[in-house]
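Here's the structure we're looking at; comments come further down.
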């Protein structure tokens with residue numbers, strides 16, 4: 001699963017070509033999430049008809065597929081809803097039948113795009129096959145539109161003409177697992193429903209004129225007396241839907257459709273404003289509206305400035321220019337609405353600009369992003385760190401008996417890099433956990449634990465599951481994320497926003513260094529009351545202020561790295577990376593980048609573990625990259641490097657400027673050194689990892705690998 005996008009226009013005329021272009025552009029904005037197929041669904045030539053176009057390969061292949069149909073792209077639509085999807089094969093292999101959107105039947109009565117995993121799809125599929133439904137794909141998603149059709153047909157037979165969101169609620173009750181989905185139907189023209197549970201969805205809102213909109217009320221569904229009830233006895237005997245008396249006439253479909261009249265009979269506005277009055281309609285008619293739906297707010301930046309984030313168990317229903325949000329779980333009064341938020345994304349930040357690709361752009365942006373994460377937070381004159389997002393939990397955080405950092409992939413490496421400074425400054429046990437393993441083990445969590453959750457997207461599925469687990473255990477939770485409206489930022493008690501900006505390349509580059517600094521700042525802030533650590537804190541704070549300029553110096557190594565990749569590295573397919581102390585995390589992150597981007601086998605090794613059978617492979621002369629910057633472990637690391645040189649290993653050494661210990665070996669051609677500026681030990685990893693980012697990048701370029709979309713790599717698996 002990967003990217004979802006949808007577009008709805010109401011009383012704003014768009015041609016079919018414009019609608020297709022909008023959907024395609026939305027998918028292209030999601031290309032940074034690796035995918036292997038794509039598809040769209042739009043209205044056909046008739047009012048109650050839907051067409052599906054999908055193809056394996058890149059989005060360009062989808063565009064070619066659409067062009068084969070010779071569609072009338074000048075056909076105007078005053079109102080229309082279209083949905084689109086990019087897919088990374090999970091359930092079901094890479095073939096056209098498995099691409100999204102999926103339909104309920106050959107006439108496309110219901111069409112669905114979906115992110116997530118339906119865990120009971122096998123049971124649903126067996127039930128629907130027994131009812132005569134024919135499945136064309138191997139996916140779990142296909143059971144959703146067919147379930148829509150079955151429940152809809154059954155309700156019609158029983159005399160019930162359901163509203164779209166009521167029908168959706170009945171379908172969702174049958175689904176187990178996670179989902180972020182959009183559904184359109186020929187029975188509900190110009191309408192779309194969006195549902196979220198464990199997979200993100202955001203809705204962009206745009207009026208033809210400016211709107212003063214602050215929030216959208218949530219309409220909670222009654223759990224005791226629902227519109228229709230599923231009878232467990234008849235369900236087990238093969239009947240999916242058993243009708244109970246309808247209590248509320250409001251659940252029934254309005255007739256005639258408001259859409260055909262362009263009038264509204266409701267006395268209340270769907271949107272709620274700062275005052276109790278509605279925004280006046282234009283010329284007595286409903287307000288012309290556009291809605292953009294996506295699994296990632298970054299794809300909405302070019303279209304809207306106001307967005308609504310759906311919460312778990314929310315169902316959004318868009319029709320007649322209105323947005324209604326329903327929730328299947330009763331919430332507190334504090335959560336009886338969804339805030340309309342300003343989208344804080346600049347379009348220029350999601351374009352490549354003068355760079356060849358996004359990865360190169362994001363490597364070079366680290367001079368600026370490291371400033372951004374510290375801006376207004378690090379005061380070099382008073383030697384203080386101020387984190388306003390944590391202030392309300394100051395007492396609880398400083399009473400922590402244990403700190404647990406939980407993350408996945410590169411975010412996990414940033415936690416490992418920051419762990420030693422937490423232990424040193426806080427003087428409490430500090431654990432670093434892989435989110436998936438943490439949940440699998442049902443770890444012991446106590447109320448006096450502080451759990452820090454790190455994720456660049458804020459939507460990492462495993463990390464969110466770990467967060468929910470810790471909340472149930474009543475631990476204090478901190479979020480370190482880049483996306484302010486993400487699930488982790490909303491569900492944690494407090495947090496730090498890294499202010500990194502969009503990162504569209506698959507490889508984590510600028511997010512890693514920003515997370516690293518954010519974690520160091522948290523350690524400095526939490527230890528402020530420890531008098532014994534004052535001088536150490538001053539040293540780190542002063543060093544933080546010059547990190548951005550030092551990164552600029554490191555980037556000047558690029559010409560040397562290009563030459564190194566061209567002459568020495570590109571012919572190899574195995575690499576060893578050595579590090580110790582703070583630099584073991586750098587070795588892990590560097591090895592991860594080389595696997596992910598350069599398609600080479602790379603292994604990170606603790607330096608002193610070199611003698612445990614690892615030296616046996618150095619005779620085959622794989623490139624060995626060693627981190628040997630000055631710190632407490634420098635003498636031991638130097639000894640290990642000497643052993644490598646004795647065995648003709650020819651290592652590449654990342655060391656500090658002016659470090660002359662290997663000068664003679666360098667002159668003999670036994671070693672290559674990449675010299676980086678020296679900083680305090682706990683921050684050295686920020687500078688040391690950048691040469692590895694550049695090596696990974698240029699190795700990939702030399703091999704003609706698309707660095708922004710490497711194979712078999714995804715930020716979402718289903719949602720990382």
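Note: Cβ is positioned from N, Cα and C throughout, glycine not excepted.
Predicted, not measured: the structure shown is a model, and the values here were computed from it.
Per Swiss-Prot, the feature active site, nucleophile maps to 2; the stated evidence is sequence analysis.
The annotation domain 'Glutamine amidotransferase type-2' is assigned in Swiss-Prot to 2-321. Within the model, the domain 'Glutamine amidotransferase type-2' (2-321) shows a mean pLDDT value of 81, rounded to a whole number.
For 266-280, the entry in Swiss-Prot reads compositional bias 'Polar residues'.
Marked as region 'Disordered' by Swiss-Prot: 266-285.
According to Swiss-Prot, the feature domain 'SIS 1' maps to 393-532, an assignment based on sequence analysis.
For the domain 'SIS 2' (565-710), DSSP puts the residue distribution at 70 helix, 26 strand, 50 coil. For 565-710, the entry in Swiss-Prot reads domain 'SIS 2', with the evidence type sequence analysis.
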Three-state secondary structure, residue 2 (active site, nucleophile) (per DSSP): coil
Structural state census, the domain 'SIS 1' (393-532) (DSSP three-state): 67 helix, 28 strand, 45 coil
Cβ-Cβ neighbours of residue 2 (active site, nucleophile) (radius 10 Å): 29
